DNA sequence: AGACCCCTGGAC
DNA sequence: GTCCAGGGGTCT
């Protein structure tokens, strides 16, 4: 579910509620999500004060100290939110963290793809998914983005989805940014001129900024930290709009598969690359 | 690059 | 029933 704008929205919502709170208990912890053993995690967390909430790509961190944090990856259906302490976990709640102000942070995940783990900085840097992660798309400079995309083999959408190229893009924002840049998702990156990659860079930044402002996109499961739906789904131009008219040219939008993901595009505004 | 895998539930 | 879903890992 959550891509960069959704994780950022959740982080912004949790930050004022969690910063400087002390963890007083872990009343619920699903064993299947805790390979290190329950006592190991509980011992590491009880009594710790949360120093802040941060995000890197699609990872959300509870910062416990300069060298210790909890990393959450929400994958498809993960949610983070607050509930009154002592409230019994609802369906699919896999972690409950009691805090020193009678509130609790919960992690809920219907499909159980989501993960969380306590990391030291050393352990985090030894995690390839983290250490190999590309730059933040909203911070990366135009030149660096060009350098990471220009001339590479692979289709442009696959590169956008590759967290080592740029971190935090998923199926929605890949499709939306490619439509805005008028690039067919299956175009080999090597077939894109510098001006077209630059156009994609700006389209990507714009769509991510707008989505964060809208509180993210709620297709099914995503909710903000306060349990509210985002509204950027109302601004989708291609995602989920198969067979509906293109908002720019009225042509019927189509789907194809790129990088194993359903991909929605306009066959007129995003023409197939000439040579393939 | 593609085929599965993890898992649950909604749409058809 | 079957297919599909904001993700990512592994294996061919």
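Easy rule for this one: first residue shown is 1, then count along the chain.
Glycine too: its Cβ is placed from the backbone N, Cα and C atoms.
Record check: TrEMBL places A:92, A:152 at the DNA site, and the matching candidate among A:111, A:132 is A:111. Cβ neighbour count within 10 Å across all protein chains ranks A:58 highest among the recorded positions A:58, A:92, A:152, A:261.
Of the residues the record lists as binding DNA, namely A:92, A:111, A:152, the two whose Cα atoms sit farthest apart are 41 Å from each other. Broken down with DSSP, the domain 'FPG-type' (A:237-271) shows 0 helix, 12 strand, 23 coil.
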